[in-house]
Ligand code: UDX
């Protein structure tokens, strides 16, 4: 099959590489020459485990083609996926302007033979119908098309594996032809098929991400009780998660959720609900608790740190990615600076992205050990594996004061005490 994917972010690029690897011809359309040139040379631009190898392999077979032009790609393709960003506007609403720009461009090049236009971007309920109206307005008379919503559930850091082995493939469409063609394309991919109407598919994505955010905020909410009562949040939530109706995933407390999806999708669902006059208190509280989780951690550090020299480990919004969008580190570093702390940071891959924001305001180290040298306290914001396996005796020797504030609960308090650290973790 020949397909086009518009957008080459975490969703677009990973999906393109995986479908090309299955033997399809895949066009990827971007709008920045510099990025398309890098992609053509096999540089994936983003850090995602396994992606570079997949990109380079499929470039060699010439099944994966990058372009800035719509005409050839759209004319040749049976399916066109939209996988562009839908960031938050000031009021929380999803900004759909890029989606609509892209749709107008697609419409101009549609051919007589049927094209399926499938939206992977997370969009407000009703957007796909609007996409249909825009295409009808801008296409040639003879051009034929049908629309579908195919929401994406991949996580950063495990995106390639998630694309190959999703729990479900959701296809929303009113067109049998669209459903059948999309089922054919997805044949080599695992996971249950869920066929629904357009609005359901659009809402499934928001419902999923907001429930994940709710579980995380609930874990943080319980951690506040633990901190004040002597209970241990890990013991409490482990036991809670053993109930199969609840499940143990996404119950890890910490400094809150970040990333390009959960925060924006929570805000968008609040915005949609407010417009539909639905009581959105539940998810408003999810968002408030997420901020409280960061501020609670900050207050503990301000209260107990024995000096102003902070070392920080882990800057990305979660491990195995260089993505810092809405990362808790951004909020915390700014607050530390506002409170007069001096900061040295380390992250295995996200360091350069943080440097673009904080420039000379903070210091950068090349290793975790360099970071803690002469520090009054170590703050852990993201739980990369290398921190879990670190030589803690060496860390203690290098620090000027043995204080650790662990925002992701990666060590055992008893062991830390034995090693002579003053160890502060979440909900204990
Ligand atoms: C999320 C959804 O999981 C995915 O299905 C969707 O397609 C895109 O959004 P992602 O943003 O890659 O994926 O990250 P995710 O693994 O969901 O983590 C989001 C944030 O929640 C991270 O900051 C992580 O540290 C935090 N988190 C996660 C917790 O604080 N506790 C947990 O128990 C789990």
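Cβ coordinates are placed from backbone N, Cα and C, and glycine is handled just like the others.
Curation does not apply to TrEMBL; its annotations are automatic.
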Recorded substrate site member, picked from 111, 112, 205, 359, that accompanies 153, 154, 155, 156, 250, 251, 252, 253, 254, 258, 318 in TrEMBL: 205
Co-listed NAD(+)-binding residue [TrEMBL; alongside 35, 86, 122, 156, 325] among 264, 388, 393: 264
Nonlocal residues around residue 258 (substrate binding site), in sequence order (Cβ under 8 Å, 6 or more apart): 317, 318, 325, 326, 327, 328
When distances run from the Cα of residue 155 (substrate binding site) to each of the recorded positions 86, 122, 261, the nearest one: 261
Distance [Cα-Cα, Å, rounded] between residue 153 (substrate binding site) and residue 35 (NAD(+) binding site): 24
Where the record names 35, 86, 122, 156, 264, 325 as binding NAD(+), the maximum Cα to Cα distance in Å: 25
